[in-house]
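Data block below; observations after.
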Amino acid sequence: MEALAKEIGIPEGEYREIVQRLGREPNRVELLLFKVMWSEHCAYKNSRPLLKALPKEGEAVLQGPGENAGVVRVGEGWAVAFKIESHNHPSAVEPFQGAATGVGGILRDIMSMGARPIALLDSLRFGPPEEARSRYLLKGVVSGIAFYGNAIGVPTVGGDLYFHEGYRENPLVNAMCLGLLREEHLKRSRASLGRPIYYAGAKTGRDGIGGAAFASRELKEEKAEDRPAVQVGDPFLGKLLMEATLEAIELDLVEGVQDMGAAGLTSSLSELAHKSGLGVELHLDLVPTREEGMTPEELLLSESQERMVLVPKEGKEKALEEVFGRWGLDCVPVARTIPERVFRVLFRGEVVAEVPTEALAEAPTYVRVGREDPEVRRLRETPIPPLEADPQEVLRRLLASPNLASREAVYERYDHQVGTRTALLPGKGDAAVLWIKGTRLGVAAKVDQNPRYSRLHPRLGAMHALAEACRNVSVVGAKPLAYTDGLNLGSPETPEGYHELAETIAGLKEASEALGVPVVSGNVSLYNESGGKRIPPTAMVGVVGVLEVDKRAEMGFRRPGEVLLLIGEERGELGASEVLYLLTGKEFGHPPRLDLGREKAVQEAIRDLIQRGLTRTAHDVAEGGLLLALAEMTFPYGVGATVEVREEGLEALFGEAPSRVLFTVEKTRLQEATLLLEERGLPYRVLGETGGKSLTVLTPGGVLEWSLEELLSAWKAPLREVLDG
């Protein structure tokens, strides 16, 4: 078996650990179980020790990390389950199916908590859009997300899209889902002793075998051999499974639910047993199959989609079978919990594997020594040279640049209103807002991350990601409750890669503590590199908040004659900025500094302004700086503005800095708004007034003016050309 262990990529030290835990040599089936359960994708061997440091508790938290999704209270007996998941490696090989099954998987995570999925957000990263491969991947991924989400009837209400050369070979596809549930319907992956465990949903085939292990290694140039590791999704079957599962939960028929995702039956059953402090006996001959002659290994490791395991309450077995029968789905007992804490597998009457559940679930962990990449330090410490450029032209070029142009060409492919809960449409606000029907409550959600910041300063980049996601949720009027993190990085086995992982998590910890927003779920995807080139450390942070749905703010200027104010400093920084890259073609300099105390105060202030009815228009100043944000505010309703910028230079017009928010207020209430800001000791400036069909900016160097038509034209075309070309 040692030779086989080496052949399938189990390190020598881990093989010895397996032998020690079993007290004997494993057989072939057992060795393959350890291969997938001890993969980085399932076991988090390198990240688990670091993730322990993240704050996980908060007054709204019902369920933190460790289950299929996190859950927070939002009021009136309602709760929201949410999580972000990656499907990076499959999407690099088969972008359509990789993205589609990524959506399917995260939907099942949410419904396994007893929640009805109500919204999807996607966070996507690709190489330069002028390259054919990037365009191919983008089109396939967007189509896959639309295919699954639209067909299953869950709206895609927001997301985050970035192009960067660091993702040329390794695209990132992260999907976030929110689900709504009554607090009393919350389910967990648990079972009591002697209970049957039911297999429900699609029949098992050979698709996706080895997917967990595939997601735990570096991508190679030749990808044809990886195609069998990519699963195939069926959203129509997924819809039936969702309705049947939620009906069973609502009828109080089940005590435990578990999605069947990475590592298939092996992971779902062994984890359920381990969390319950029990063992499980699985009879593979009872598993519904769609292919002939499947071996024990194939049945155990298949990652066929649209499958769940459920544990019925005593006496509810027949009722459970009837519910799934009405939806035309298989629902059969395949296993039973046992007192011995082992994962026992039988095939044709023989035991083919018997492994302690703890041995499978508790993989070895690694704490390594990290070292900053000297090239990253050199780039960060490179001084910014004097930059000369015509601001008139710079704004047009920024609006047309891949990372700042309109995302309408993407989100118009998604159904973002199915379910009739969407209270703030894509492009209308800084975060998505969904209404909880029958209440006054709304739920806001946003995903954020800036690869330039993270590449040059992993810790600060992660802090910015959480701060901006919280800021965007606050700017629509919602109080951030908790976050989910999708950590996407290269190999942790190099000192530089491990340094980036450790620093990213340290940054999240610092921002989480300062902002009072805990983590409740997440995902770690490592080995995102090719040919030794790592992706930028990418912490996709998804924040969920709660608000009174009628007191929400949009980003667009709604009417002329309102006063426009800026909270925060007028001047930004050029390091790691979009304008610096636009003018030099290079990425360097120190990312903007972040004062987390100031950040929290700014977020509280804008929420108060919205809740008091002082403003209904607010927008954060982020990538592209002040003028870019002002231009974005003119687009939704075609209302312009005239403003004065007192500071000189590109830093004032296009520099980037956190803790800045633009908002409007009626002239009669200006004093109320400014008094609120003064009481909190926050810097602010009255910039000007809304109105007209142009954006006019008075600067120390003269007057700048753009027609709204020219700005809108520059902003709308680029991404459409990429997707339609």
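Every residue, even glycine, has its Cβ placed from backbone N, Cα and C.
H41 (active site) has a Cβ environment of 25 other Cβ atoms inside 10 Å. Under the three-state DSSP scheme, H41 (active site) falls in the helix class. Here Swiss-Prot flags H41 as active site, drawing on sequence analysis.
The active site, proton acceptor annotation in Swiss-Prot covers H87 and rests on sequence analysis. Over all protein chains present, the Cβ of H87 (active site, proton acceptor) has 30 other Cβ atoms lying within 10 Å.
Sequence annotations record features per position, and here Swiss-Prot assigns ATP binding site to G66, E67, K83, I84, E85, D109, D485, G522, N523. N523 (ATP binding site) carries a strand DSSP state (E or B).
As annotated by Swiss-Prot, substrate binding site applies to S86, H87, N88, H89, R108, G211, Q231, E303, S304, Q305, S525. A 10 Å cutoff on Cβ-Cβ distances gives Q231 (substrate binding site) a total of 28 other Cβ atoms nearby, all chains included.
What Swiss-Prot records for D430, N472, D620 is Mg(2+) binding site. A coil conformation is recorded for D430 (Mg(2+) binding site) in the three-state DSSP classification, outside any helix or strand. Counting every protein chain shown, 27 other Cβ atoms lie within 10 Å of the Cβ of D430 (Mg(2+) binding site).
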Between S86 (substrate binding site) and G66 (ATP binding site), the C-alpha gap once rounded to whole angstrom: 17
Nearest of the recorded positions (G66, K83, H87, D430, D620) to S304 (substrate binding site) - Cα to Cα: H87
C-alpha spacing of R108 (substrate binding site) relative to H41 (active site), in angstrom: 18
Cβ-centroid neighbours of ATP site G66, E67, K83, I84, E85, D109, D485, G522, N523, 8 Å, sequence order: P65, N68, A69, G70, T484, G486, S521
CB contacts for S525 (substrate binding site) [other CB atoms within 10 A, all chains]: 26
